[in-house]
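Visitor: I am attaching a structure below and will ask some questions about it afterwards.
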Amino acid sequence: MSLDLALDIQHATTCDWLPTDEQFALWATTAIGNSMDEAELTIRIVDTRESQMLNSTYRGKDKPTNVLSFPFEAPPEIELPLLGDLVICAAVVENEAREQQKTLEAHWAHMVVHGCLHLLGYDHIEDEEAEEMESLETQLIEGLGFTDPYKEQ
(Lines of atoms letter the chains of each structure in order from A and count residues from 1; the text may use other names and numbers.)
(Lines give C-alpha, C1' and ligand atoms only; values in the text may rest on other atoms or scores of the structure.)
Protein backbone atom coordinates (compact mmCIF):
# COMPACT_ATOMS: atom_id res chain seq x y z
CA MET A 1 0.00 0.00 0.00
CA SER A 2 1.35 3.41 -0.88
CA LEU A 3 0.33 6.78 0.43
CA ASP A 4 -1.56 9.18 -1.82
CA LEU A 5 -0.25 12.52 -0.51
CA ALA A 6 -1.71 15.89 -1.43
CA LEU A 7 0.96 18.34 -0.33
CA ASP A 8 0.57 22.12 -0.24
CA ILE A 9 3.83 24.01 0.31
CA GLN A 10 3.52 27.67 1.24
CA HIS A 11 6.57 29.94 1.09
CA ALA A 12 6.01 32.91 3.43
CA THR A 13 9.72 33.80 3.62
CA THR A 14 12.92 33.56 1.63
CA CYS A 15 16.15 31.92 2.68
CA ASP A 16 19.46 30.72 1.26
CA TRP A 17 18.38 27.14 0.65
CA LEU A 18 15.08 25.29 0.70
CA PRO A 19 14.29 21.68 -0.08
CA THR A 20 12.51 20.93 -3.34
CA ASP A 21 8.83 20.02 -3.38
CA GLU A 22 9.92 16.47 -4.20
CA GLN A 23 12.13 16.31 -1.11
CA PHE A 24 9.32 17.60 1.11
CA ALA A 25 6.99 14.96 -0.38
CA LEU A 26 9.50 12.13 0.10
CA TRP A 27 10.16 13.04 3.73
CA ALA A 28 6.47 13.45 4.57
CA THR A 29 5.52 10.21 2.80
CA THR A 30 8.27 8.36 4.64
CA ALA A 31 7.10 9.69 8.01
CA ILE A 32 3.41 9.03 7.40
CA GLY A 33 4.16 5.60 5.96
CA ASN A 34 1.27 3.19 6.11
CA SER A 35 -0.61 5.15 8.77
CA MET A 36 -3.05 6.44 6.14
CA ASP A 37 -4.06 5.52 2.58
CA GLU A 38 -4.33 9.16 1.63
CA ALA A 39 -3.38 12.37 3.37
CA GLU A 40 -3.54 16.10 2.84
CA LEU A 41 -0.72 18.08 4.41
CA THR A 42 0.30 21.72 4.33
CA ILE A 43 3.89 22.76 5.00
CA ARG A 44 4.27 26.50 5.54
CA ILE A 45 7.79 27.98 5.54
CA VAL A 46 7.85 31.11 7.70
CA ASP A 47 10.14 33.79 9.10
CA THR A 48 11.08 34.20 12.76
CA ARG A 49 8.35 36.79 13.37
CA GLU A 50 5.53 34.48 12.29
CA SER A 51 7.06 31.50 14.08
CA GLN A 52 7.41 33.48 17.30
CA MET A 53 3.83 34.74 17.07
CA LEU A 54 2.42 31.25 16.53
CA ASN A 55 4.65 29.70 19.20
CA SER A 56 3.55 32.36 21.68
CA THR A 57 -0.14 32.01 20.81
CA TYR A 58 -0.34 28.21 20.79
CA ARG A 59 2.42 27.11 23.16
CA GLY A 60 2.95 30.11 25.43
CA LYS A 61 6.61 30.37 24.40
CA ASP A 62 7.60 33.84 23.21
CA LYS A 63 10.36 32.83 20.81
CA PRO A 64 10.59 31.35 17.33
CA THR A 65 10.85 27.57 17.07
CA ASN A 66 11.90 25.10 14.39
CA VAL A 67 8.60 23.33 13.67
CA LEU A 68 5.03 23.61 14.89
CA SER A 69 2.44 20.94 14.17
CA PHE A 70 -1.26 21.63 13.90
CA PRO A 71 -3.20 18.36 13.53
CA PHE A 72 -6.61 18.42 11.88
CA GLU A 73 -9.29 16.94 14.08
CA ALA A 74 -12.51 16.09 12.30
CA PRO A 75 -15.70 15.24 14.15
CA PRO A 76 -15.89 11.46 14.73
CA GLU A 77 -18.64 10.93 12.14
CA ILE A 78 -16.67 12.62 9.36
CA GLU A 79 -13.77 10.90 7.63
CA LEU A 80 -11.42 13.24 5.82
CA PRO A 81 -7.81 12.66 4.76
CA LEU A 82 -6.70 15.98 6.27
CA LEU A 83 -3.60 15.30 8.36
CA GLY A 84 -2.83 18.89 9.35
CA ASP A 85 -0.31 21.68 8.95
CA LEU A 86 3.39 22.02 9.66
CA VAL A 87 4.86 25.48 10.15
CA ILE A 88 8.64 25.45 9.78
CA CYS A 89 10.83 28.46 10.50
CA ALA A 90 13.59 28.55 7.88
CA ALA A 91 15.94 30.78 9.91
CA VAL A 92 15.70 28.56 12.99
CA VAL A 93 16.34 25.42 10.91
CA GLU A 94 19.38 27.09 9.30
CA ASN A 95 20.78 28.20 12.67
CA GLU A 96 20.22 24.80 14.29
CA ALA A 97 21.84 22.97 11.38
CA ARG A 98 24.91 25.19 11.66
CA GLU A 99 25.08 24.86 15.48
CA GLN A 100 24.60 21.07 15.34
CA GLN A 101 27.02 20.70 12.41
CA LYS A 102 24.41 19.04 10.21
CA THR A 103 23.68 19.62 6.56
CA LEU A 104 20.66 21.79 5.84
CA GLU A 105 19.10 18.92 3.91
CA ALA A 106 19.44 16.51 6.84
CA HIS A 107 17.99 18.98 9.33
CA TRP A 108 15.08 19.93 7.06
CA ALA A 109 14.33 16.21 6.60
CA HIS A 110 14.38 15.75 10.37
CA MET A 111 12.00 18.69 10.93
CA VAL A 112 9.50 17.34 8.38
CA VAL A 113 9.64 13.81 9.82
CA HIS A 114 9.42 15.15 13.39
CA GLY A 115 6.45 17.36 12.55
CA CYS A 116 4.60 14.61 10.68
CA LEU A 117 5.02 12.24 13.62
CA HIS A 118 3.43 14.88 15.87
CA LEU A 119 0.52 15.09 13.41
CA LEU A 120 0.15 11.31 13.72
CA GLY A 121 -0.12 11.62 17.50
CA TYR A 122 3.45 11.01 18.66
CA ASP A 123 4.80 13.24 21.41
CA HIS A 124 7.92 13.75 23.51
CA ILE A 125 6.60 15.28 26.72
CA GLU A 126 6.97 12.13 28.84
CA ASP A 127 10.31 10.26 28.81
CA GLU A 128 8.79 7.01 27.55
CA GLU A 129 6.97 8.80 24.72
CA ALA A 130 10.14 10.72 23.85
CA GLU A 131 12.16 7.51 23.59
CA GLU A 132 9.55 5.94 21.30
CA MET A 133 9.31 9.02 19.09
CA GLU A 134 13.07 9.57 18.87
CA SER A 135 13.64 5.90 18.05
CA LEU A 136 11.11 6.07 15.21
CA GLU A 137 12.55 9.37 13.96
CA THR A 138 16.05 7.89 13.92
CA GLN A 139 14.85 4.82 12.03
CA LEU A 140 13.04 6.96 9.42
CA ILE A 141 15.88 9.48 9.02
CA GLU A 142 18.49 6.74 8.65
CA GLY A 143 16.20 5.04 6.13
CA LEU A 144 16.35 8.26 4.11
CA GLY A 145 20.16 8.06 4.09
CA PHE A 146 20.92 10.58 6.83
CA THR A 147 22.67 10.01 10.15
CA ASP A 148 20.93 9.69 13.52
CA PRO A 149 19.60 13.20 14.24
CA TYR A 150 20.06 12.73 17.99
CA LYS A 151 23.65 11.48 17.85
CA GLU A 152 26.12 13.95 19.32
CA GLN A 153 28.29 15.47 16.62
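Along the chain as shown, the residues are counted starting at 1.
Keep in mind that glycine also has a Cβ here, set from the backbone N, Cα and C atoms.
The Zn(2+) binding site feature in Swiss-Prot is assigned to His114, His118, His124; the stated evidence is sequence analysis.
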Visitor: Which one of these binding-site residues has the most other Cβ atoms within 10 Å of its own Cβ: His114, His118, His124?
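Guide: Of the binding-site residues His114, His118, His124, the highest Cβ count within 10 Å belongs to His114.
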Visitor: What other residues of this chain sit with their CB within 8 A of the center of the CB atoms of His114, His118, His124, the recorded Zn(2+) site?
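Guide: So the additional residues around the site are Val67, Ser69, Gly115, Leu117, Tyr122, Asp123, Met133, Glu137.
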Visitor: Could you tell me which three-state DSSP class His124 (Zn(2+) binding site) falls into?
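Guide: DSSP call for His124 (Zn(2+) binding site): coil, neither helix nor strand.
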